[in-house]
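Pulled from Swiss-Prot, these are the features on record:
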COILED    114-151  coiled coil
REGION    178-208  region 'Disordered'
COMPBIAS  178-192  compositional bias 'Polar residues'
DOMAIN    220-320  domain 'Rieske'
BINDING   C261, H263, C280, H283  [2Fe-2S] cluster binding site
BINDING   D359, D363, H366, H371  Fe cation binding site
Amino acid sequence: MTTVASLSLLPHLLIKPSFRCCSRKGVGRYGGIKVYAVLGDDGADYAKNNAWEALFHVDDPGPRVPIAKGKFLDVNQALEVVRFDIQYCDWRARQDLLTIMVLHNKVVEVLNPLAREFKSIGTLRKELAELQEELAKAHNQVHLSETRVSSALDKLAQMETLVNDRLLQDGGSSASTAECTSLAPSTSSASRVVNKKPPRRSLNVSGPVQPYNPSLKNFWYPVAFSSDLKDDTMVPIDCFEEQWVIFRGKDGRPGCVMNTCAHRACPLHLGSVNEGRIQCPYHGWEYSTDGKCEKMPSTKMLNVRIRSLPCFEQEGMVWIWPGNDPPKSTIPSLLPPSGFTIHAEIVMELPVEHGLLLDNLLDLAHAPFTHTSTFAKGWSVPSLVKFLTPSSGLQGYWDPYPIDMEFRPPCMVLSTIGISKPGKLEGKSTKQCSTHLHQLHICLPSSRNKTRLLYRMSLDFAPWIKHVPFMHILWSHFAEKVLNEDLRLVLGQQERMINGANVWNWPVSYDKLGIRYRLWRDAIERGVDRLPFSNQSESGS
């Protein structure tokens, strides 16, 4: 019989633990006190061979505080203090549960019809009175345990604040700090620390958006879906506050050139594609995919060239390298996992800085409050939301939601959502769900106040939906509706940020992935030799 099932058989009155125990020193893992027996009033050994005692036995961890080598405890030592507190609470809870079992056995014995035949009413009253006294003690013990748990939660909340502060101060470059972050538990008691003096914060995202650091350009950026680039079409894009246009050359391969004619600075995308060359609509000058002007009607041919960027196509996506000296390394795949079918590819131009949009996409805790008319309609508000991730990673999974998420530098967010029941996501992990939705968000930094968003949605079920007429219009409408729910908030953030407000003023546990993105970006802009959070953050990978 399981513990839960056993407890369900106990009278409600008895679930208030306490007992008198006789203990002797034993050799435990922590050198504490090992409980060997529980004695009744008559000295009978109830627990020496009791299955309950064997099940819930645990060493007393005892009060232990790590020795500080300096004037103050560092983060690791502080976490050790909390860990020992948690171990003691666990030991105390097991002892309380053992008390419940012992009292249960006593009640069964007192009320046993066979035993009552050999006892007088006075004896039964006396035994019941003694049990009532023990229950009163158990009631007091429960309150004491609740106080201990509350104190432990307060310490956990303070440790969370301490770890976040240390993580922000260290800039994410220290592996030990990152490890501390993964160990920092998240509790609903975080609000209890607001009356304490707030620690100094070093993650400051406030003020007008500054010009982009050139280091951010040294990555491959996906800028368009292949399906949007026909042989006779052009795709104008902005990237890092420069205007470019993408088109296919004579060989069918995509090219990216400056969207400005060398002659009179006319936008080239207003023209047309003629035999694999982009033609200016003003005077008909034509440029190849490498930027060379190959045709000048009505004048003598001159050696003219406009800027071009390295550009290639992979797995239905067009990529460019806006920085210097592109590497020869291959680009990781952005395709959905095996078994998924792509149902929608949508492009939007949004009036927000791309970092703020990434902050939003890397945060799921806002969903039941923000997306109440779309995908999160009907979601309950969990008592605790956590993002569980390796100490040095940019990926993990949300608890209690069945959602896996990854930030992939420089600007991609990939997520897999397990679908169990419509309108309900809690209760299962992603792997436990039989059907899934896979999402890819690409946030291309168009300018300091504009983002080009590429969105791809895939399903591992119902592939026939893709062939339903006008289904792409429905997907686009739904995606736009979801984004509008976010935009009204992110635009407000952006306005206040420009006026001096810090959009990362008080990070909490479920902000972990967003914090790591910001620390990664800060490291890129500072030009550190070793980027934080795994090898996938290497430039150009």
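Including glycine, each Cβ sits where the backbone N, Cα and C put it.
Excluding the listed site residues C261, H263, C280, H283, the same chain places A262, R264, C266, Y282, G284, W285 with Cβ atoms within 8 Å of the centre of the [2Fe-2S] cluster site Cβ atoms. Listed in sequence order, the residues N360, L361, L362, L364, A365, A367, T370, D486, L489 complete the 8 Å Cβ shell around the Fe cation site centroid, once D359, D363, H366, H371 themselves are left out. Set side by side, the binding-site residues D359, D363 differ in how many other CB atoms lie within 10 angstroms of their CB, and the most is found at D359. Separation of the C-alpha atoms of H263 ([2Fe-2S] cluster binding site) and H371 (Fe cation binding site): 49 Å, rounded to the nearest whole number.
On its own chain, C261 ([2Fe-2S] cluster binding site) has P267, L268, C280, Y282, H283, W285, I306 as residues at least 6 apart in sequence with a Cβ closer than 8 Å to its own Cβ. Using a 10 Å Cβ-Cβ cutoff, H263 ([2Fe-2S] cluster binding site) registers 17 neighbours.
Remark: H371 (Fe cation binding site) has K377, V482, E485, D486 as non-local neighbours, by Cβ distance under 8 Å and separation of at least 6 in sequence. Mapped onto DSSP helix, strand and coil, the domain 'Rieske' (220-320) counts 6 helix, 45 strand, 50 coil. All protein chains shown were included, and the count of other CB atoms within 10 Å of the CB of H366 (Fe cation binding site) stands at 15. Per-residue confidence over the coiled coil (114-151) averages 74 (mean pLDDT, predicted model).
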